[in-house]
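What TrEMBL says about this protein:
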DOMAIN    B:6-168  domain 'Arginosuccinate synthase-like N-terminal'
BINDING   B:A10, B:Y11, B:S12, B:G13, B:G14, B:L15, B:D16, B:T17, B:S18, B:A37, B:G120  ATP binding site
BINDING   B:Y90, B:S95, B:N126, B:R130, B:S182, B:S191, B:E267, B:Y279  L-citrulline binding site
BINDING   B:T122, B:N126, B:D127  L-aspartate binding site
DOMAIN    B:181-399  domain 'Arginosuccinate synthase C-terminal'
There are 4 protein chains.
Amino acid sequence: MSDIKKVVLAYSGGLDTSVILKWLQDTYQCEVVTFTADIGQGEELEPARAKAIKFGIKPEQIFIDDLREEFVRDFVFPMFRCNTVYEGEYLLGTSIARPLIAKRQIEIARQVGADAVSHGATGKGNDQVRFELGYYALEPGIKVIAPWREWDLVSREKLLQYAEDAGIAIDMKHKQGGAPYSMDANLLHISFEGRHLEDPKAEAEESMWRWTVSPEAAPDKAEYLDLEFEHGDIVGLNGVRLSPAQVLTKLNELGGKHGIGRLDLVENRYVGMKSRGCYETPGGTIMLKAHRAIESITLDREVAHLKDDLMPRYATLIYNGYWWSPERRALQALIDTTQQDVNGWVRVKLYKGNVYTVSRDSKDTLFDQTIATFDDDGGAYNQADAAGFIKLNALRMRIEARAGRK
Amino acid sequence: MSDIKKVVLAYSGGLDTSVILKWLQDTYQCEVVTFTADIGQGEELEPARAKAIKFGIKPEQIFIDDLREEFVRDFVFPMFRCNTVYEGEYLLGTSIARPLIAKRQIEIARQVGADAVSHGATGKGNDQVRFELGYYALEPGIKVIAPWREWDLVSREKLLQYAEDAGIAIDMKHKQGGAPYSMDANLLHISFEGRHLEDPKAEAEESMWRWTVSPEAAPDKAEYLDLEFEHGDIVGLNGVRLSPAQVLTKLNELGGKHGIGRLDLVENRYVGMKSRGCYETPGGTIMLKAHRAIESITLDREVAHLKDDLMPRYATLIYNGYWWSPERRALQALIDTTQQDVNGWVRVKLYKGNVYTVSRDSKDTLFDQTIATFDDDGGAYNQADAAGFIKLNALRMRIEARAGRK
Amino acid sequence: MSDIKKVVLAYSGGLDTSVILKWLQDTYQCEVVTFTADIGQGEELEPARAKAIKFGIKPEQIFIDDLREEFVRDFVFPMFRCNTVYEGEYLLGTSIARPLIAKRQIEIARQVGADAVSHGATGKGNDQVRFELGYYALEPGIKVIAPWREWDLVSREKLLQYAEDAGIAIDMKHKQGGAPYSMDANLLHISFEGRHLEDPKAEAEESMWRWTVSPEAAPDKAEYLDLEFEHGDIVGLNGVRLSPAQVLTKLNELGGKHGIGRLDLVENRYVGMKSRGCYETPGGTIMLKAHRAIESITLDREVAHLKDDLMPRYATLIYNGYWWSPERRALQALIDTTQQDVNGWVRVKLYKGNVYTVSRDSKDTLFDQTIATFDDDGGAYNQADAAGFIKLNALRMRIEARAGRK
Amino acid sequence: MSDIKKVVLAYSGGLDTSVILKWLQDTYQCEVVTFTADIGQGEELEPARAKAIKFGIKPEQIFIDDLREEFVRDFVFPMFRCNTVYEGEYLLGTSIARPLIAKRQIEIARQVGADAVSHGATGKGNDQVRFELGYYALEPGIKVIAPWREWDLVSREKLLQYAEDAGIAIDMKHKQGGAPYSMDANLLHISFEGRHLEDPKAEAEESMWRWTVSPEAAPDKAEYLDLEFEHGDIVGLNGVRLSPAQVLTKLNELGGKHGIGRLDLVENRYVGMKSRGCYETPGGTIMLKAHRAIESITLDREVAHLKDDLMPRYATLIYNGYWWSPERRALQALIDTTQQDVNGWVRVKLYKGNVYTVSRDSKDTLFDQTIATFDDDGGAYNQADAAGFIKLNALRMRIEARAGRK
């Protein structure tokens with residue numbers, strides 16, 4: 001333990017990572033570098049600086065970065081190019097943020113000459129895996145300190161005692177038993193786990209949800225929204241060109257207003273257990289629907305099916321923390337290749353929790369009205385061809401049936 | 001052509017199949033056996049009998065069957081065991097009915113000694129493929145007559161003229177230009193294609209939808225619904241045990257009332273073109289959501305992922321008409337094996353187009369609260385194990401990074 | 001039929017395509033442009049020119065191209081990057097040549113202003129599909145003439161009669177009943193089908209094989225061979241740098257000498273029937289073995305497994321004729337991405353039909369002797385990590401077992 | 001540590017597991033039950049009994065079982081039904097034996113009331129994972145002792161010293177530096193790892209190989225062999241009906257005689273590193289070839305392709321130790337379903353390292369000579385159908401090309 005000189009800590013400024021900060025100083029007698037990122041979680045970051053200074057961190061070793069554009073542009077958007085959903089429902093809001101944190105932490109470690117990194121994820125969750133696989137993939141010799149797996153502050157009481165002894169301010173919420181849920185937020189979503197939710201029978205309380213109004217409370221009038229796509233990414237809304245983070249911010253606002261993107265599920269963690277989670281992903285829910293719609297007219301059938309076949313594998317890689325793996329990059333090469341002509345616009349209707357695709361068009365459309373029509377197509381498609389098509393596709397089954405197979 | 005003696009026609013009693021009936025008699029000079037099935041399309045079947053008799057069909061050669069229970073039990077339910085969705089959105093309502101029609105038509109052909117079968121699907125669509133692959137797989141030597149690919153009644157006008165010449169009653173709707181859409185219905189869904197919908201930019205008109213109220217017009221108060229599962233299939237609703245067809249009928253009623261299951265998409269047909277379709281699948285939409293929820297607590301992670309990986313392939317098989325193929329049966333063997341312990345109940349909330357899972361439980365649950373808890377678990381899970389887990393999973397990436405790969 | 005002005009025929013100069021040439025002139029009254037390619041089939045091409053001239057083809061409309069380098073560089077090598085094998089055994093020698101022929105035919109059609117293309121493949125085989133899918137993908141409006149599906153020369157006798165009437169020289173071989181097999185050759189392989197082979201019980205006759213000596217007749221002394229790889233392709237043999245076609249030519253020579261690459265199988269054609277084929281692929285058999293060996297030390301495990309998982313799909317695409325499809329290109333993007341670091345050399349031992357990998361090395365190796373050793377590794381790998389790794393991987397199965405699943 | 005009462009040890013009777021036996025007694029002060037299995041490794045088992053008695057093991061706690069038939073029938077044969085190969089080459093000889101050992105160990109543990117099991121696999125290899133995943137899946141509460149991960153006998157010298165101190169006889173081989181390779185054998189194969197082989201450049205020495213003669217030394221005359229299949233398994237050789245273990249024993253004898261089944265590769269271990277291994281799998285190599293051959297005439301194309309697509313995943317499951325997982329069982333259900341009609345016989349030719357399929361037949365053949373023939377088929381197949389087949393398969397690519405995609 002004693003051989004660690006300097007550690008970069010992913011520091012939120014909250015109680016838990018503050019205790020970790022102190023514990024690292026106490027336990028490793030090492031310099032701590034704090035890194036706080038704005039990935040759209042919606043919290044003030046400057047208080048983290050003040051707190052870090054109180055722990056004796058030198059100003060030049062306090063890193064506070066606005067990563068919102070990078071987050072959406074290089075992580076969220078690439079993921080959505082594959083219509084990525086884990087286990088049929090989860091939009092991977094937490095999973096996709098971890099690789100970016102890990103990358104920036106390693107960059108800072110190189111910059112300040114740190115030999116270790118540390119994070120506040122527990123030993124039961126997926127996030128420890130996502131952080132650490134990222135660290136190791138990017139910097140194979142880095143040392144990793146995961147306090148929750150190492151220390152003896154195993155109960156809430158011990159943690160609070162440690163904080164008090166260290167003179168860390170404990171706000172009322174923690175004194176009264178802590179947050180009712182374990183939460184995580186970034187521009188893509190906010191998640192809720194733990195406590196009341198640990199019983200899969202228990203319905204989530206309405207008061208839990210933060211980013212979306214309840215569908216019941218959403219406007220009684222639907223709202224239409226136009227989304228402009230270039231190479232599979234959204235570049236404009238309602239005719240206004242926007243940056244990636246602006247796009248997602250605006251979609252969250254609209255989705256939240258209309259009660260869109262609430263989800264309550266039981267998922268399978270990489271570390272082996274099932275876990276109940278509730279999620280609000282207002283903007284992501286709209287993006288997924290619209291991306292499928294623009295692909296529906298611009299992607300070739302077999303390319304679309306290839307992507308659909310590979311999607312669950314790609315989603316699992318991201319969920320499990322393998323963003324920085326070579327197999328994720330290989331899949332991304334395939335996915336990105338397919339998005340060249342995914343251009344055009346989609347109109348969706350937002351209403352009380354629903355996103356409906358109602359219209360779509362593209363200069364690169366593969367929808368051929370002449371051929372698709374039920375009316376006379378003037379010979380664009382020869383119906384007689386279908387007879388041969390069916391006959392040959394049926395041949396192996398006819399042979400099999402004649403051979404008496406049942 | 002002249003060598004056909006007796007043909008079994010899938011006969012709806014409507015204008016198109018009535019013209020086909022007459023055309024078969026005229027063209028092939030053969031006996032026609034009519035087969036009309038109730039698969040929940042919501043139309044009276046007895047008029048089909050009267051019409052058939054008018055064409056001179058002998059009463060013993062008129063088959064009218066109620067196939068609703070078989071349809072849901074042996075086709076819809078097995079398909080839903082795989083959370084089956086085509087191209088991310090379509091619940092395969094039309095696709096799953098065709099294999100049953102084909103099967104029954106072949107059974108009747110054997111019973112009456114017919115040497116041919118016929119259907120009213122056009123030469124541009126998927127249904128001709130689904131019907132005929134079924135016919136050939138079940139009876140490899142059967143002859144197939146697809147009038148739409150053979151005759152010269154290529155325009156609506158010619159068809160109506162033929163009908164008039166044949167003394168077939170043409171109701172007002174057809175005189176005025178025919179149905180505004182091409183529709184297909186069964187217990188799982190109703191679909192709309194053609195005309196106004198042929199422009200993917202054009203929003204579907206509210207007046208088009210038949211089975212569901214608009215979300216705007218749906219009740220302002222949410223309704224809760226409990227679904228009971230056994231081996232992956234729904235066997236009861238709100239505590240009342242129901243047969244398969246009763247389950248789906250009731251779910252359609254509830255879903256329709258709450259505006260659930262509307263869908264507007266562009267899909268890729270097996271015959272090679274893209275096609276716009278609108279669907280109402282109220283009961284199916286609820287079933288899919290609930291089935292995922294019951295699986296989320298009763299299926300092992302890797303089994304669930306295996307199913308997710310195979311689902312798009314299974315969906316494509318069904319969409320393309322390969323229900324009766326050996327590869328579909330092989331996949332079904334895998335799927336059915338996994339449903340042994342998919343037992344328990346799910347509570348969903350229905351509200352203005354939304355289905356939310358809010359609660360789920362099972363005597364066969366794999367959700368282990370002791371291990372999943374954020375609180376002290378009394379040693380059920382050793383957090384230190386995670387360090388080794390991560391280290392070994394990272395090893396290959398560390399080796400790669402050390403080798404200088406980027 | 002009469003609206004075709006000029007057709008580019010894939011012309012070998014043999015009897016069948018000579019009859020086709022004449023038949024096209026007779027039937028379509030159109031100009032014929034002949035295209036003869038050297039793809040390493042080992043036949044003189046100049047006689048084709050003389051024959052074409054005899055049919056009145058203008059010299060500037062006779063195209064004879066040496067495509068060997070392009071064939072290996074842009075088709076064979078890319079395919080081998082994926083260790084591509086169809087149905088576990090077939091190295092796709094015929095399949096991979098067709099897309100190149102189709103591409104060049106379309107290029108010539110554009111150059112000479114032809115409105116149609118024609119080929120000599122029969123209506124039962126895969127090659128018609130491979131040619132025509134290529135034509136249509138590259139030039140969607142092109143007309144395709146497939147004489148074997150159109151004419152009435154359905155028996156060998158009729159064909160010979162037509163040839164005689166047209167004054168086409170018929171050599172002794174054809175007079176005596178034609179070749180004992182249907183053969184196809186290019187730099188990658190020679191194939192045999194038909195006649196004696198149509199009975200899957202009948203052992204192929206030793207006299208059939210052309211490119212390889214029998215293993216029994218091969219040298220009694222093994223020969224070692226070093227293969228140098230760059231980005232997954234072979235760039236040198238035994239220390240001598242060679243062009244792609246030179247590599248394959250040399251490997252064929254060595255493989256043939258040692259009786260390597262004979263194969264006798266029953267395969268599944270895309271058009272629906274099973275077919276017996278015998279193949280000699282001497283160089284390809286060596287390449288496949290060596291490519292797997294160089295990948296074994298330079299590819300990451302999960303990348304290798306991803307490729308293995310996708311390989312059968314990629315192979316089927318090529319077999320079925322979808323080289324020019326967007327889904328093949330998307331897969332190729334993935335495959336090519338993985339080959340960046342597939343550099344190094346492999347030593348194989350060739351002996352009487354066998355290719356053994358005996359040695360491999362690379363500057364980009366991921367084989368880490370320090371970690372892999374059975375001896376003391378000085379702490380490079382912490383064996384205790386394995387306990388946690390196993391524990392967490394087992395967790396879901398333990399939970400399942402505790403739940404009483406069998 | 002002190003709470004273990006009785007442990008079942010997988011005991012070979014060799015030096016390493018003898019040291020483990022003693023170390024367990026010393027360290028845990030617990031009863032040791034020895035379990036020695038005959039899975040065809042070709043060693044006497046009775047000496048293990050004598051040795052165990054010397055350690056004070058009670059006779060009724062010494063288990064020596066002949067598991068050869070169970071091994072081949074319930075593990076090897078089911079695996080070969082999928083033509084299972086790991087990373088393109090490895091026939092999984094070691095991997096497939098571990099689940100059986102684990103299963104029997106757990107059965108014995110239940111019978112004798114043991115609370116723990118132990119094995120002699122090291123902390124770097126795959127076998128520890130395979131054993132322990134099996135233990136945990138079958139008996140979730142079992143305790144596992146993996147001495148190699150726990151003790152401090154980290155060098156060969158320390159191990160030998162411990163043995164000497166414990167009065168364990170050390171034979172000359174170990175005194176002289178131990179076996180030149182780490183070996184593992186069972187009815188399916190013998191494997192070699194370590195030492196000289198740790199350098200992937202170093203060619204394996206001829207003296208290493210044990211089960212096969214060198215191809216050079218194999219008979220100069222080829223030998224034909226007929227294999228009879230029922231439901232995908234071999235039930236007879238050369239007309240003689242044999243039990244599963246008899247089949248494999250005989251095939252090993254024949255394969256070994258003809259120098260068949262040698263393999264030298266670098267593989268990717270589940271624990272994260274690459275590892276060089278050499279394998280002799282004489283019987284398995286013949287089985288794989290013959291099984292593909294019998295499937296080639298009895299399996300439907302799409303079923304065969306589905307199996308090929310899933311094979312790498314199934315192989316990886318077995319390699320990684322997930323035989324007793326629910327996902328392996330689900331895949332097995334699919335695989336076994338497909339083997340119903342895999343009946344018939346295959347003739348192979350064995351010659352100096354080669355296995356050639358030369359002939360195959362089945363009463364359940366799907367090879368239809370009438371359709372496959374190059375000669376006139378009397379109308380069994382309508383060549384004109386191919387035109388429509390191609391046209392519709394090309395349609396999406398034509399639309400795409402017309403849209404200007406490159």
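Placement of Cβ uses the backbone N, Cα and C atoms for every residue, glycine included.
Shown on the structure are the features that TrEMBL records.
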residue : record                    : Cβ contacts under 8 Å, 6 or more apart
B:A10   : ATP binding site          : B:T17, B:F35, B:A37, B:I101, B:Q105, B:V117, B:S118, B:H119, B:G120, B:F131
B:S12   : ATP binding site          : B:T36, B:E43, B:A48, B:G120
B:D16   : ATP binding site          : B:G120, B:L159
B:S18   : ATP binding site          : B:Y11, B:K51, B:F55, B:A163, B:I168
B:Y90   : L-citrulline binding site : B:L263, B:L265, B:E267, B:G277, B:Y279, B:Y319
B:S95   : L-citrulline binding site : B:Y86, B:N126, B:R130, B:I318, B:Y319, B:G321
B:T122  : L-aspartate binding site  : B:Q128, B:W148, B:R149
| field | B:D127 (L-aspartate binding site): tally of other CB atoms within 10 A of its CB | value | 19
| Which binding-site residues among B:N126, B:S191, B:E267 have a Cβ sitting under 8 Å from any chain A Cβ? | B:E267
| message | Just to be sure I understand the packing, how many Cβ atoms besides its own are within 10 Å of the Cβ of B:G14 (ATP binding site)? | response | 17
| said: Whole-number answer please: how many Å between the C-alpha atoms of B:G14 (ATP binding site) and B:S191 (L-citrulline binding site)? | reply: 17
| remark: Neighbouring CB atoms within 10 angstroms of the CB of B:E267 (L-citrulline binding site), all protein chains considered, total 21
| request: Which residue among the binding-site residues B:N126, B:S182 has the fewest other Cβ atoms within 10 Å of its Cβ, if you could check? | output: B:S182
| If you draw a 10 Å sphere around the Cβ of B:S191 (L-citrulline binding site), how many other Cβ atoms fall inside it, taking every protein chain shown into account? | 20
| field | Span of B:A10, B:Y11, B:S12, B:G13, B:G14, B:L15, B:D16, B:T17, B:S18, B:A37, B:G120 around ATP - largest C-alpha separation, Å | value | 16
| query | In angstrom units, rounded to an integer, how far apart are the Cα atoms of B:S182 (L-citrulline binding site) and B:D127 (L-aspartate binding site)? | reply | 13
| message | Tell me the Cα distance separating B:S191 (L-citrulline binding site) from B:D127 (L-aspartate binding site), rounded to the nearest angstrom. | response | 13
| request: Restricting to the domain 'Arginosuccinate synthase C-terminal' (B:181-399), report the mean pLDDT as a whole number. | output: 96
| query | What is the biggest Cα to Cα gap, in Å, among B:Y90, B:S95, B:N126, B:R130, B:S182, B:S191, B:E267, B:Y279, the residues listed as binding L-citrulline? | reply | 19
| Between the binding-site residues B:G120, B:Y279, whose Cβ has more other Cβ atoms within 10 Å than any of the rest? | B:Y279
| said: Around the L-aspartate site formed by B:T122, B:N126, B:D127, which additional residues qualify by having Cβ within 8 Å of the site's Cβ center? | reply: B:A121, B:K124, B:G125, B:Q128, B:V129, B:R130, B:V271
| remark: Neighbouring CB atoms within 10 angstroms of the CB of B:R130 (L-citrulline binding site), all protein chains considered, total 29
